[in-house]
Each structure stands twice: as C-alpha cells, then as structure tokens.
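Since the structure comes first, as structure tokens, the remarks are kept for the end.
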Amino acid sequence: MGFSGECLYKRSMATLKEKIKGKMGNILSVAPMMDYTDRHFRYFLRQISRRPLLYTEMITTMAIKHGDRYKLLGFSLAEKPLALQLGGDNSYLLAECAKIAEDMGYDEVNLNVGCPSSRVKEGNFGACLMANPELVARGISAMNQAVSIPVTVKQRIGIDDQDSYENMANFVRIVADAGCQRFTIHARKAWLQGLSPKENRTVPPLRYDDVYRLKNQFPHLFIEINGGIINLEQARQHLQLVDAVMIGRAAYDNPYLFATVDRDFYGESVTPPTREEVIKKMLPYIDEWVSKGYKLHQISKHLLQLFAGQPGTKAWKRYISENSHFTGADSGVIWQALQQVNSLNDLANSH
C-alpha cells in the first residue's frame, strides 16, 4: 500500500486521535460471522478489548418474527457496543425487527447486503440485494422511521458482472439518500454463481482503492473497509484513507490481536490484559452457563485460538478439545489447559 516506517506510525496515530476526538463513530469493529460471533465469543472478546463495535451473526427477520427472541437476540451488557445484523428484504419486517433490537438495547442495526450464499440468495437477501438498490433503500427508510439508533449497511464492491466502481457508487448514493450514513464495504465483488461463500472471501481480488475512492466521492458518509485485513498495522494504514476498519476471520483466528486496541487505537490509559487474566475472567462466566445446561464445548470452542502463535498453543487446544465434551465438564477443563501451557513454558525457560 506504499506506507512504511516511523513516519507512517506517527501519521497513523495522529489520524486515529483526530477520528476519536471528532467522535466520528467506532473506528474498529469485528465482522458478523455465521457460527462464530455468537454471544459467547463476543463476551470472550470483551475480556480482551472493550471498545471495538461487535456484531451478532446475521439473523433473518423471519427467524426473529417466529423464533425464540431471547435465544436469538439475548446478550449481556458487557458485550456492548453491539450491533444486530439483519437478513431480509421486507421493509415492514425489517422495521419491526429493528424496533425489537432497539428495545432490547442494541446500539445499531445493520442490513446484510454482502452474504453470497445460495441459501441467502434464495431468500432474496444478502449480496443479491445489490442488484436492487431501491428495495434496499425502502428497507433502510422503514428502519430509520422505526428507530433512533443508527441503521447501517454491510455490502460488497459489487456482484457478478455488476461490479464496476460506478455500480457501487450508484448503490451507495441511492441507499444513502434513504438515510444510511454508515457503509461497511467488503472490498471484493461476490460471485453469486460458481463460488462458495468461503471462496467468495478469498478468490475475488481485493479492491481497496475503490473503497478509498468511495470515501473521497462521499466525504459526508462514514465508510468502513473490510476484507483481507489480518493485523493492526494494516488497520492503521487503512484508517488514513477511510473512517473505520472491520476485521473478520483474523479476530477469530487470533483474538488476542485485540489486546492493545483500547490503548493504541482509542487512547485509553489501560494495561493490556494477559492471556491468563482473560482466562480467569472467563471461568465464572463458563460455570454460569454450564449451570444453565449449556455444554462446555459450546463456549470453549471460541477460546481455542487464544494462544495462537504462542508456545503451548497445541497443548491448549488439544486438552480443551479432548475434555470439553465430557458430561459435567466445566471451567476446570479450561484451568487445567492453562496449567499445561504454563508447565510447558516453565520447562522451556528452565533450559
């Protein structure tokens, strides 16, 4: 991207301070990810960093209308700031669900216009909606009339052959006119036929420059960039050119990446928590949920990458994976896994 060295770092930090001081919105977020960003992962991540905006998994309007709302939408105050991501195309249902979200205490409602899965396409929501900006605009307008919290959009650069910069800019213009002020752009197009959702996260090339151009064309809008961002240095570089950065898979594959965020990105006078401190905070939470009938592995699966790239990570993951499915398994499994990591590190340091 053409940035390096001490000059880059100073410019990046100055930019961050300006954004925070100007209260331009949350400059970092963790992407909504199906099967990953449930309430247990969000609570876990909050023990590492409390400032970035977190998202639920995408939840469809029909699921909210007909399903168990507490199970689908429940969260703890520790997870805030928190956004609900909706999947749907019916303006009335979107407005109804947005109001439910606001009443439950969510800080933002986000419309998914980026998911490329065939199942989502069959329901006429997700990335296929980029072909119908007027329909999206009606949904945004209806939600804005129903709630006072921000209503935002997460989208792709484009879809299939409708992937020119002009296509994207036209989509954003129409949806912004309906009242959307924050757009998260996954800087890849989506192929709705021929690629799986996983392939759509990696095969289409990244087009960061188009997102930068969009910010220049619409300086009054809050533009967040997403896609292929795996470390905080990359985030700093992007923040010189857009308003915010959304990190996806890297947040799950290496959650401790966020340990320094509150201090280095938000200017808080805090000491980053150690991994052991994070684990100790999780123990009572785990036992509370196990006492309610939840299985340990439903929570512990989110902790497996806490030691990513560190000595002892294999022992940590192996012990938890082998012991979290047993009847009666509780936080003691996590504590014993930590002791194995500490023992290995003590042994390595003694040589």
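Cβ coordinates come from backbone N, Cα and C, glycine included.
With Pro32, Met33, Met34, Lys154, His186, Asn226, Gly227, Gly228, Gly248, Arg249 listed by TrEMBL as binding FMN, the candidate from Gln47, Gln85, Gln145, Gln298 annotated for that site turns out to be Gln85. Neighbour counts were taken as the number of other C-beta atoms within 10 angstroms of each residue's C-beta; across the binding-site residues Pro32, Gly228, the minimum falls on Gly228.
Asn226 (FMN binding site) counts 23 other C-beta atoms within 10 Å of its own C-beta, drawing on all protein chains shown. Residues Pro32, Met33, Met34, Gln85, Lys154, His186, Asn226, Gly227, Gly228, Gly248, Arg249 are listed as the FMN binders, and the farthest two of them sit 20 Å apart at their Cα atoms. The recorded positions considered are Lys154, Lys198, Arg201, Arg249; of these, Lys198 has the fewest other C-beta atoms within 10 angstroms of its C-beta.
Put simply, Cys115 (active site, proton donor) is 10 Å from Met34 (FMN binding site) when counted between their Cα atoms. Rounded to a whole number, the C-alpha distance linking Pro32 (FMN binding site) with Cys115 (active site, proton donor) is 10 angstrom. Per Cα geometry, Lys198 is the residue among the recorded positions Asn112, Cys115, Lys198 nearest to Arg249 (FMN binding site).
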